[in-house]
Amino acid sequence: MNFFRGVMGGQAAGPQPSGAETIHKLCDRVASSTLLEDRRDAVRALKSLSKKYRMEVGTQAMDHLINILQTDRSDSEILGYALDTLYNIICNDEEEEQDESEDENSQKQADDLGAQFTEMFIQDPEHVTLLLALLEEFDFHVRWPAVKLLTALLKNQGVQLQGVILVSPMGVSRLMDLLGDSREVIRNDGLLLLQQLTKSNAAIQKIVAFENAFERLLDIITEEGSSDGGIVVEDCLLLLLNLLKNNSSNQNFFKEGSYIQRMKPWFEVSDDNSGWSAQKVTNLHLMLQLVRVMVSPVNSPGATASCQKSMYQCGLLQQLCTILMATGVPADILTETINTVSEVIRGSQVNQDYFASVNAPSNPPRPAIVVLLMSMVNERQPFVLRCAVLYCFQCFLYKNQKGQGEIVATLLPSTIDANSISAGQLLCGGLFSADSLSNWCAAVALAHALQDNLTQKEQLLRVQLATSLGKPPVSLLQQCTNILSQGDKIVRRGSKVQTRVGLLMLLCTWISNCPIAVTHFLHNQENVPFLTAQISENLGEDERLVQGLCALLLGICIYYNDNSLENYTKEKLKQLIEKRIGKENFVEKLGFITKHELYSRAAQKPQPVFPSPEQMLFDHEFTKLVKELEGVITKAVHKSSEEEKKEEEVKKTLEQHDNIVTQYKELIREQDAQIQELKEQVASMSSQNEVMQTTVTQQLSQIQQHKDQYNILKLKLGKDNQSQSNGQGDVSQVNGLQTEELTQLREEVEELRKQHTLLQTLLGDKDTLIDTLRSEASQAAEVSAGGSENEELLKELEALRSQVQSQSAEINQLSTERQELLRRAEAGSSDVVPSTDSTIDAAKMAELESRLSAQTTEKERLKEETKTLSESRADLEQQLASATSTVAILQTEKTKLQTEVQESKKEQDDLLMLLADQDQKIHSLKLRLKGLGETVEDEDDLDARDQTDDDDEEDEDED
């Protein structure tokens, strides 16, 4: 123990040992001591020396410390000391304060030292597994140092450690349990650990997400106060960004789990926005980035559209627009909010329509688009804010022809309101202002209003501008070209490269794929000479981009020229290029655009992000246009007039054949629709037939029920006859009162006889009806060539007839029994007269009277049941007649439909023959084109392109 006193600060006689010697002795003590207290004191001493003597402790004690973690698991104190010591030698952050004289080299050496110790530690994956096992210890002095040590290891050697944790059983699950720890220190450090763990590893990101990370993190954010929370909220948001960014699986899981709806309360800001702390600004900035990750343009279109729809439905977009129009919002939050709203509405028609309806809280109210454009063309606004507004305007017009029409309409003479400021007026003001950045932004914004919209390109040709008093108005197209080519003052304004680049991009977008605009442009006699002069000059590096854009503009005039102007036909323009510029020189100047260093940067993503205003030269959509037109313009310039004529002829022939094929396709589609309609009618008739079959089945079941009732009636009548035969001897002795009762019985039997006659008549009518149905069914069977449905119906009718015949036999039997009963009753009445004077026992007389009364009551009941049975049979006969007529009608319609189907098939065969002839002609024409050296698209390519267009239209419909 004297040794430890010396190490821990006690005074010892003699020379003091060096740090390395002390550490060596402590390591020996840790390795050789058998008492736990001695090892614990030695590890505590190593911990105290680990910061000052980091190298020595790391090289000599690491193996002993790892051994302590393996062997002394029962003592939490020594485990804590060992983990703290390992953390001190591996971590690069918590270094002792260095003097100001120490430079970056010393810090780099320290970082390298931590990386070396980390590599030594993770050479054996079991060491990492050991740390993960220690995380299950609930003791604070073990769990917290283990979390910090794992975090330091991930910072130094993240990729290697991620691989070890990924294959470790329950490794990620143990780390996720840290978020549920009730001690905030461990939970917060667990967040930092998961941040390091999820960096750039999609597999671990998925595992963490499916360990219910989204639910836990959103709960922590809510508990900590959302945007008003502290650093913990920031850590949660950073972890969410790691899990969602560039991970489509997690993004889909986040959306399907309805977690987008839980983001809405984050952006509920109060009316008083005066107190924005730095932490709140940071939190809200990360929250906006999280929204942008879900709707980023780099995501798949389907996933982005789904998230945009959810954000609108849950009110998140409305909340963002509220922040957009609020007062007192910091500039960086406002800028990021504009960028976020931009991507939420980009390509979504519903969201774009809502954004167009948002008004700023001003007097009078102004549309949000107008307010934003006012900021964009105001040179006193921050540069990043102006870029954000331009991006918002571009996203609002992206695939939004309705919005494009509304913007262009504000420039047309019929819709201009002198009392209010419109978007078109602001764009024109920015286009012709003295600020070159405003010129560029307004030109690009106006170009997006024309993107892929031929109608608006033609409408914009109607815009007239009043340049000065006393002078006639000029068109917007002419004014743009005038700025490029005329007037001292205008030349000075257009001398700025940024202004000229913006105007040239606008003109290229405007006249591309619009022959009418090309004609208007060429109609100004000064435009072509100006372009040729600009291209042919040898200018400096700064002017090369302008030369390339002028070459592109002239090439568009050639490619989309309809030869309506005699002086500027395609052939004459190409001759002019060959004489004044040279074809090779023209193509070289055209290539200056794509070779520019800022071109590739703008082509990467839609958002305009530039380090400085001077580098703001290219627009993302314009780079797509250049890529599309550069090749075709080069070919158009090199083609001869004869080749063009041949190509035009072939194109016209192909167009004619395409029109014919299109007509036949339309005809086939119509016939397919008719066939489909006929099939639906057949299906409807089949369903009606099934209903009729069901009705017949129900009728058969009702007949069976009546048959059962009739059998019961017969049994009861049989019992009555037996009782009458047994009582004939007694009846012969009744008095005059009984004779009257017998007379009544005779009358009732007479009524039953009449009912029997009526039933016989009904039965005869039914037989006649069945014969009629049989003959009609036989005729229907002959017409339909023995259709299976009619055969089944005939079988059912035959079965019904057999049942009716059996029922008729039973009724005849009942009639016979009733006649026998009548005969016996008459015989009984004849025996009554000679026995009137006989004496009868009183008890026997009473019994006979009661039996006679019961028989009378039973007869009345039988009478009512017979009447009900007759009515039911009449109803059944009517229903059967209706079903038979319906079957006959169905058979007639079925025959008619079959005839129509046969005729349609014949017409289709004729059309297919015509199509085959047309395909043969097209194939021969394509072979001629290939023989002439032209590239011809195959039918599969055309079908694939048509399919792609159809898919795009379906995506737009779904949006």
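Glycine is no exception: its Cβ is also placed from the backbone N, Cα and C atoms.
Since the structure is predicted, the reported quantities are computational estimates derived from the model, not experimental observations.
Looking at 241-275, 626-660, 661-695, 696-730, the range annotated in TrEMBL as coiled coil turns out to be 661-695. It is 735-762, from the ranges 567-594, 735-762, that TrEMBL records as coiled coil.
Note on the repeat 'ARM' (60-97): residues 20, 23-24, 26-27, 30-31, 36, 39-40, 43-44, 46-47, 50-52, 54, 110-111, 113-114, 117-118, 120-121, 127, 130-131, 134, 137, 139, 141-142, 145-146, 148-149, 152-153, 155-156 of its chain, located 6 or more positions outside it, place their CB under 8 angstroms from a CB of the stretch. The repeat 'ARM' (60-97) scores a mean pLDDT of 85 in the predicted structure.
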